Amino acid sequence: MQMGMAVLVLVIACGVLSVLFAIWAIRSVLAADQGTQRMQEIAEAIREGASAYLTRQYSTIAIVGIVVFLLAWYLLSLNAAMGFLIGAVLSGVTGFIGMHVSVRANVRTAQAASLSLAGGLELAFKSGAITGLLVAGLALLGVSVYYFVLTVWLGYAPADRTVIDSLVSLGFGASLISIFARLGGGIFTKGADVGGDLVGKVEAGIPEDDPRNPATIADNVGDNVGDCAGMAADLFETYAVTVVATMVLGAIFFHGSDALTNVMLYPLMICGACVITSIAGTFFVKLGVNGSIMGALYKGLIATGLLSIVGLGVANTLTVGWGEIGTVAGKSITGTNLFVCGLIGLIVTGLIVVITEYYTGTNKRPVNSIAQASVTGHGTNVIQGLAVSLESTALPAIVIVGGIISTYQLAGLFGTAIAVTAMLGIAGMIVALDAFGPVTDNAGGIAEMAGLDPEVRKATDALDAVGNTTKAVTKGYAIGSAGLGALVLFAAYSNDLAYFAANGQIYPYFADMGPVSFDLSNPYVVAGLIFGGLIPYLFGGMAMTAVGRAGGAVVQEVRRQFREKPGIMTGKERPDYARAVDLLTKAAIREMIIPSLLPVLAPIVVYFGVLLISGSKAAAFAALGASLLGVIINGLFVAISMTSGGGAWDNAKKSFEDGFTDADGVKHMKGSEAHKASVTGDTVGDPYKDTAGPAVNPAIKITNIVALLLLAVLAHMA
């Protein structure tokens, strides 16, 4: 136990180091030059809009959170309610601090880029690293410190139901914040983007980020609340939920074993080691002699991955060792096999990054095919974009299947869980790549609105083009890890259910239930699969509709300002930027509530609906379990299709910024008919990649977390 205590303290120290590094980086970023007075005025407007939106969003979520906290206290225990509170608060804090830095780094990045491309890259990436390492550090601290409190201070055994229920509740707290932040931020950012583009670029013929567009500030605000705060909450949730699910599986599989304590600490130690490797990886991000921005970022990612192999070895040595740990479902589990599972997790991460970059990167076949289709019109652009979005699901799915089968063969479901934990271990570096995107996007907008030298805009555009790809790549990673993480949660659900059923004398609700079969010949299983499968589509449809409504409101507002203030187009009158920001804030908050509650309530409706119809608890649990699989499988494909397809549409549009040469050798410039067709495609792709697709991620996980909590609540019933 003493060794276990030392390992747990070491894990906590790793989390603290991550937060301290983020604090150091914050001071470094805020010390940089803010540029001209005009640049600072624009940045201040973006800051005010982002803070106003996030404050209102969190105030709304807090109302829901208080209700859930009280329910968790009443239905489970105070410890479970406190777990929920810890997960929710830390998730919110991560997003808020990340956005707080992002909206201050944008103007500093624009100023640094005016001096050198390398300076702009360094500042933007350092800003992203703050968010990334806060995500990893606070998620790790949340789980490890609360586990320490429960097992050391309060004296519960590691596999005690109080510990498991409290950790699952922590994951639920993170999930609830995540789905609201992802969806609300996505509706805001894409409502501004779509509305502003349709009137500004297509109707008025003015360029992106032109200060004459009343939606420009709202668009830049949206980049931060969607891609920075939203992604931070998403990956915080995936990180926390995956670690918790792996610990739950360890508690179930190794219950009563001498190895139990070390098995429970193993995923925490993996994450602790990988936090350190992520910090080290940030120092490798330097612009090389070839001037490749993506190459500089990949150096950091590759260094993190290679160092993490050593980190996995350290985690093994300090916890489970290298020999046999125990036998699970007739399969011998060894430390060496678990180490290999961790390696497979890192390989899956690398492959998903490469595949996503191929489908979304400029000068690659998929993006070029959409740009070429734009030459023949708006319709062909949309058709080709949809084709690419559908095609982009195949290779990631094959990689994920390979990861599942290989890890299962090596170490069963616990091996798969360790692979996903290793994937999430390097989340600090991945989120850094993502949060780099909104900073560079904003920097370009500030350079344009402040009227800086065209060479500065050229530098920020180069950073922004890479930022677009990194945002797409990190979404691919987030979806892949979410899909595998949800599979681990499903494994926790099915094994938890089996545990309760086998101990009916302790948990009376399950005493007379009988065996639960997930056999496909069971009609309730098929019904559950179909019901679960519809949730990502319905959820995605609701999200797209919300963006359409918000975008439509922005279109009307921008048209009104152009109509009532004709001096805007000549530069004699100033647009009312705050009006568009306020309009979108209200729309996003209003539109996010119902879609966000869909995946939360769906598992409860499935269970009690089937129980009411069939009168059989076994049938209801089978239908619920099947619905979780339906959500995972369809959610995975819907999310990949939307994010990769949307990213390809976006970069196809950017192909025309410097001129696109078609198959016949004709060059199409910005403002051409082909460019206008690409803008139409991008207005479809934007809500695909930044609202509906990413929001499916937390929807997948929250359905599984709610199902786990439902089991816990029923087990507490006398």
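Each Cβ is built from the backbone N, Cα and C atoms, and glycine gets one as well.
Residues or ranges marked as transmembrane segment in Swiss-Prot: 61-81, 83-103, 112-132, 133-153, 168-188, 235-255, 300-320, 385-405, 413-433, 472-492, 524-544, 593-613 (among others). Taken from Swiss-Prot, the feature site 'Important for ion transport' applies to R182, D227, D234, D690, K701. Swiss-Prot lists K190, K689 with the feature substrate binding site. Swiss-Prot lists D193, D197 with the feature Mg(2+) 1 binding site. If you look up Swiss-Prot, you'll see N220, D223, D441 marked as Mg(2+) 2 binding site, on the strength of similarity to another entry. The feature site 'Determinant of potassium independence' is assigned by Swiss-Prot to K471. The Ca(2+) binding site annotation in Swiss-Prot covers D650, D682, D686, and the record cites similarity to another entry as its basis.
All features noted in Swiss-Prot, drawn onto the structure.
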| residue | record | Cβ contacts under 8 Å, 6 or more apart |
| --- | --- | --- |
| R182 | site 'Important for ion transport' | G230, M231, A233, D234, P694, A695, N697, P698 |
| K190 | substrate binding site | G222, G226, V547, A550, G551, D686, P687, D690, T691 |
| D193 | Mg(2+) 1 binding site | D219, G222, G551, D686, D690 |
| N220 | Mg(2+) 2 binding site | I46, N106, D209, D441, N442, G445, I446 |
| D227 | site 'Important for ion transport' | G185, T189, D434, A435, G437, P438, D441, K471, D690 |
| D682 | Ca(2+) binding site | D197, W649, D650, A652, K653 |
| K689 | substrate binding site | A472, K475, M642, T643, S644, G645, G646, G647, W649, D650 |
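If you take the Cα of K701 (site 'Important for ion transport') and the Cα of D223 (Mg(2+) 2 binding site), they are about 24 angstrom apart, rounded to a whole number. Among the listed binding-site residues, namely D650, D686, the Cβ with the most fellow Cβ atoms inside 10 Å is that of D650. The recorded stretches the transmembrane segment (133-153) and the transmembrane segment (413-433) share 3+ CB pairs below 8 A when only pairs 6 or more apart in sequence are counted, and are therefore in contact. Of the Cβ pairs linking the transmembrane segment (472-492) with the transmembrane segment (300-320) and spaced 6 or more residues apart, fewer than 3 are under 8 Å, so the two regions do not touch. Highest local Cβ density among the recorded positions D197, D223, D234 belongs to D234, counted as other Cβ atoms within 10 Å over all protein chains shown. Across the candidate stretches 300-320, 413-433, 593-613, the maximum count of CB pairs under 8 A to the transmembrane segment (112-132) is reached by 413-433. For the recorded positions D441, D690, the greatest number of Cβ atoms within 10 Å around a candidate Cβ is found at D690. Excluding the listed site residues D650, D682, D686, the same chain places D193, G646, W649, K653, G681, T683, V684, G685, K689 with Cβ atoms within 8 Å of the centre of the Ca(2+) site Cβ atoms. Between the transmembrane segment (300-320) and the stretches 235-255, 385-405, 413-433, 524-544, 593-613, it is 413-433 that has the most C-beta pairs under 8 angstroms.
Cβ atoms under 8 Å from those of the transmembrane segment (593-613) belong to residues 60, 176, 179-180, 183-184, 524, 527-528, 531-532, 535, 538-539, 542-543, 546, 619-621, 623-624, 627-628, 631, 695, 698-700, 702-703, 706-707, 710 of the same chain, restricted to positions at least 6 beyond its ends. Highlighted: of the candidate stretches 235-255, 385-405, 524-544, 235-255 has the greatest count of Cβ pairs under 8 Å to the transmembrane segment (413-433).
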